[in-house]
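**Q** From TrEMBL, here are the annotated features:
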type: DOMAIN; residues: 159-245; note: domain 'Mab-21-like nucleotidyltransferase'
type: DOMAIN; residues: 268-334; note: domain 'Mab-21-like HhH/H2TH-like'
Amino acid sequence: MATSPVDDELSLISKGLYRKVSDIVGPECIVVLRRQSNDTPDAFINCASNNKETRVLSGSKAEGFDFESSDFDFMFIERNAIVCTSDIHTTTPMYSTPTILIMETENVSPGFAFIRCLRCEQNNELLKDSLVLRTTGMYISSRHIRESFMSTSISTCHGPCQTSTILGYEGDNAFTLRCPVWPKEAISFVNRSLRQGWPSLDTLTHICKDGCLMVPINSKQQQYSDMTDLQWRISFSLAEKTLVHSMNHCQFLCYGLSKLFLNEVLKKESPYEDLLCSYFMKTAVFWEISDNPSDWSPLNFLFKFWNVFRLLINWVSIGYCPNFFIPENNMFQGKIYGETQVTLLDTLRDIYMDGYWSLLRCPSLHDSISKLITQPEIAYTLSCDELEYVPLSMIEKHKLHSMLQFNVSINVTKTEEIIKILIKTLLMMKTDSAEIKCAVRLRINHVLQAYAQNLFLSPKPTYFNKSRNRMMYKDYKAAKTILCRTQTYFCMNYFILIQQMYMTGNYHRAIEMIHYTRHKLQSQLYMYGWTLDDDIIMTASQQGMSYDTVVKSLIVSDIDMYENTVIEELKLECLAYNQTVGGDLLSIQPLVFLNFILFLCYTRISENHRRYDILDELHTLLHHNDGHHIRTLDKAISWEILGICQQLCGDLHGAYQSYLHALDDEYNYFKQATVARINSLGIY
């Protein structure tokens, strides 16, 4: 049967739309790199043996998106507790953990459960304090867990999550308990997958093997029950992440277009902006793929998206959104009903009446679709290779970025801890990815460097004897050997040595090292980890430089200071940061760091004219910052450092102005320290 000219034209527009969405979301190879770069830091962090929870990235970042609205969502899975279903014998080796919990799904809404405690570890204070006695046993209170997990003063409660914005990144952190078996309540998903052929058998096996998670939030249907605070939601976040990763690129782009349409059209035009969420769109995409797993291509990309939108409208019309794993769980329950349901349905139908051209309402798609409508032949000339074409510079840049993402900060204080971390990290070398191998080597150097930094800079005892002096000398010698043989970023080992020289009173040697380091930075082309330069990357690639060499010789990173290694002059800021955020890490821009230490050294040896020269350099660097040398996230601590220098020079008015700049910065998480320094001026 021949297709109509209208269908042919729509197929061409669909093809062009596919290319545009691919440009926005990212081509397949870049999406894979994103997933790789976002997942691997968790593997590094989870190497630490003292963590009580396993951290797992979830949400849109983990799925492979990089929209402006994409945030970092983390699940923290309790390591020493396990949830088992009521029909499983807890004497099996799988359940040898200190804390054993039982999932009970009777007398509760579909998709939710009570968690009864069978055995609780003595030193697990969080779970012990959350126990509530009922006639049938001791249960874990989801409300108590939620409230206890709110750890910092900048966090708010959002559903089962702790929501916070740190250094410009918004994220949700959720405490979870793990059930290692697939729950019987979700057996219909398994049967449907086997029948429909999506996901594949291997993917389905992997999903079932991961089991499910329990998150501390109650059902909206039973909010007034005396058992409300004991309800937990059965979460399939791990399964959803696996399903998204198993999508072909056309399916993934359809999911991306659905998120784009939601944020730019549906939420903007609906009087109830928060009624619809991306999870509903993802569920609709899952159902569409499950019902029609084959025949996904650029030519029918537009039609597939329209099926997803039509499915959403149908759900709103009947007031029922079936969970993909437990269809009996209506996710609209308590949210979309009554007058709000009618109003939302009218809005969606108005948009639907515009047909495919409702996509013109998307600002990010408007120009491209308008051009495709008037000149559909543009899409006709696009070959399959052109649809998937990615510039080499973009690939190299993302590979490099993925490696820098791996190198998360770490504070290592014990020898046995570093050995365990290194052993677990080395196991990650069993991969075909050159980027991951390079990242692992970089990570090993980073861990060793952090250990050396602790040997060098951690507080020393106030009393000395011959034996202790010998031990300290061995520590210094070991640390220096490690620093000489390991390198992460360009000049990073010099920065640590400079800090050590200043903290031990070796001011003249520190000054020499600072001038040497500044000369290296001035005489060589380099880039900061947060502003990767396309030209430098391509030049390095053309010269055949390995990823290791590029990272070590061309990239400069911030200097990390922890509470136990920070210099005396910044302890106030580090303590305030810890109280606000719950972490003890201060990051300082390299040039600001070098000038600050140089200023302090000149102050210590009373070379006042030279310290004024350095103060002028710092002043110029801050007041004429173009965003290249000092990124937005580093401005607050940079202004604080300038204020400290001005105060030490007696310029109290200048110090006051600098402290005000720091205080007004949205990324200042040490405001208590800034206020204390302003008060110490005693002039206002």
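Using the three backbone atoms N, Cα and C, a Cβ is placed for every residue, glycine included.
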**Q** Give the residue counts of the domain 'Mab-21-like HhH/H2TH-like' (268-334) per reduced DSSP state, in the order helix, strand, coil.
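**A** So the counts come to 37 helix, 2 strand, 28 coil.
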**Q** State the mean pLDDT for the domain 'Mab-21-like HhH/H2TH-like' (268-334).
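**A** Across the residues of the domain 'Mab-21-like HhH/H2TH-like' (268-334) the model's pLDDT averages 94 on the 0 to 100 scale.
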**Q** Using DSSP, how many residues of the domain 'Mab-21-like nucleotidyltransferase' (159-245) fall into helix, strand and coil, respectively?
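**A** The domain 'Mab-21-like nucleotidyltransferase' (159-245) comes out at 35 helix, 26 strand, 26 coil.
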